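Copied over from TrEMBL, here are the features:
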- 438-472: coiled coil (COILED)
- 7-71: domain 'DUF1899' (DOMAIN)
- 412-433: region 'Disordered' (REGION)
- 80-114: repeat 'WD' (REPEAT)
- 130-172: repeat 'WD' (REPEAT)
- 174-215: repeat 'WD' (REPEAT)
């Protein structure tokens, strides 16, 4: 009968996505991963580097490793150590692979320029320090399409937007959250934010109008933290808990927040599920802190809307997780996601692949994806302009761009507070110091910098050569 021919199994090219850990020599070993209790992912990756928040006596630190530097990490490997209390969140700038922001318990946000070579000493001087929170800062997130716009959220229930290029505060969203903010996410073009909060509300916020445009009380009835992200279509995907402490996921239309598009119970566990979303494939990967598995689902426009694909299981629980942007993946291996799973003492990359027989570029798996060029300047965005991400093709793979310096130009330097202490008298510029003379000095500094970098590279090459000679002799 014709009824028999009805498709029983949903057609999807992602049904057979499978995860595989890399070989042992491709892991990053001997890293003292931070033990701070905080639902942050503790790890940030891009096509050049993996950054991990680490234990540090007294202050706050994270380590940055070039992606290729796998194996055992030298115990004297330099750290990024400018914070005076633990680092709680880190995020790579989407438009500059050498720039990373960190948020700390010391109430500040710092932005760092990471050189392409491995420095000899700890990096202690941020490019800019952003001060505006009165309590610890646990969330940071760069704007997806506007250059140098960074969001931070602190335990003072405050969300601040910064222009990193000038070091100034653009917007402060204060009277919106009545309790601790759990997470903040941008939509695809950075015109809206979604936030979750201890007061049980999920809010959709227009940051430039400083308005809450939609909110939903208790999308999940349990008391434990909720997470929320925007999907590409502008829907909101949430993870939370039922009243009986079952973990639950939901999909919502913010224009009709009352009824969920989908609501599914999962399992009983108290780990908060961190969602990692790939807009190109509409797959969301759920990683619970303390879980040893990654579950993944495809979000589509046909019922039940959130389709379970599979689970990657392992023996070891994860302490945190990094998620590679699409342009950092190996398209020749049909890799559609790569996670960087943190253990207590190591970081283990996990590769998600769609099995294909052909070696050719699979254009159905790799639609054009956001590249490193910003679509807007900070002031254009602030004045009300929106722009979709500028896309690139991955057909020939993505080659990271050489280090571009982040320049911070402080505005109206006289209006800002003078530096503390006796340095004050130098802060005003001597008018008889001519422009050409200044140019000359800057040129000289530039030349010195280049010499130092060349020497650093030479030293490191020599060290490597020496290492090859001494290998096996000690």
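Backbone N, Cα and C define each Cβ position, glycine as well.
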Within-chain partners of the coiled coil (438-472) [C-beta distance under 8 Å, separation at least 6 from its ends]: 115, 117-120
Summary of DSSP states over the repeat 'WD' (174-215), given as helix, strand and coil counts: 0 helix, 22 strand, 20 coil
Arithmetic mean of per-residue pLDDT over the domain 'DUF1899' (7-71): 92
